[in-house]
């Protein structure tokens, strides 16, 4: 816990941005270069992972060169007092960066382009190469800071988001089963809750992608094992949500009649799943599962019970996912 105390006050990425700004400005001043352009580059170069910083840095450098080049060209043609110099520099920088697929560097390139115009005067070549050098300093400094200092660790966030996802999806399954038992086959409420659940699941995927990228640079066998465990957990959650969506998004005018035994089975299963978070374990409902399996066997998949058969299959698959997860 001692190495995480700063998270309660300031984020690691904020700290690294401050350090990158400090070192970038220091290096520029030592070389007697204007630091503002290097600082702009350094600030936007701090990404969630070192890999992202390096990958985007390869595109930000040429984009900055393009911006500086247009600033010099249009200042030479129209002068630094003409609005055309600013407008054309920005416009052509955006245009060329887009054409060359350098969109990640467009913002810095445009800012560099318009900001350097007032200071060019007659020193066109010097200003062009000095901006190129300062941009390189900003990129390299920020990349090294992001790589060396406080390497990102997303395990804690992943654990939190996975736990939140599981709590919500178990509760949503319980609520949806209650709706089905009450004959409410179309529900705006559960549809909205499912959308929120999918947003959390997407955030989990993003965090896992960040951590996977980071482990390519800071390799650790224990961390790889931990990430694999979290990945498997997230995969099972995705399967659960996929089957859950199939019992929420039903065709219009769906109408299903459950008999007394099927209703009791659904109540027992939904209560058991809803109680997982509170109890910390999964209480198997073998008798209820046997009831649903028996019901499916008696149905013809292609008669009027087709929708009911499909619905029960989805519930059985959800149960199987949890049965495997909590297997001893």
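Even glycines carry a Cβ here, placed using N, Cα and C.
Nonlocal intrachain contacts for the transmembrane segment (26-46), taken as residues 6+ away from its ends with a CB within less than 8 angstroms of a stretch CB, comprise 13, 16-17, 20, 53, 56-57, 60, 64, 107-108, 111-112, 115-116, 119, 130-131, 133-135, 137-139, 141-143, 145-146. Feature annotation from Swiss-Prot assigns transmembrane segment to 26-46 (among others); the stated evidence is sequence analysis.
Swiss-Prot lists 61-81 (among others) with the feature transmembrane segment, giving sequence analysis as the kind of evidence.
Residues 34, 36-37, 40-41, 60, 63-64, 66-72, 74-76, 80, 85-86, 89-90, 93-94, 97, 102, 135 of the same chain sit 6 or more residues outside the transmembrane segment (109-129) yet have a Cβ under 8 Å from a Cβ within it. Residues annotated as transmembrane segment in Swiss-Prot: 109-129 (among others).
Per Swiss-Prot, the feature transmembrane segment maps to 132-152 (among others). Note on the transmembrane segment (132-152): residues 12-13, 15-16, 19-20, 23-24, 27-28, 31, 33-35, 37-43, 45-50, 53-54, 57, 60-61, 64-65, 68, 108, 112, 210-211, 214, 217-218 of its chain, located 6 or more positions outside it, place their CB under 8 angstroms from a CB of the stretch.
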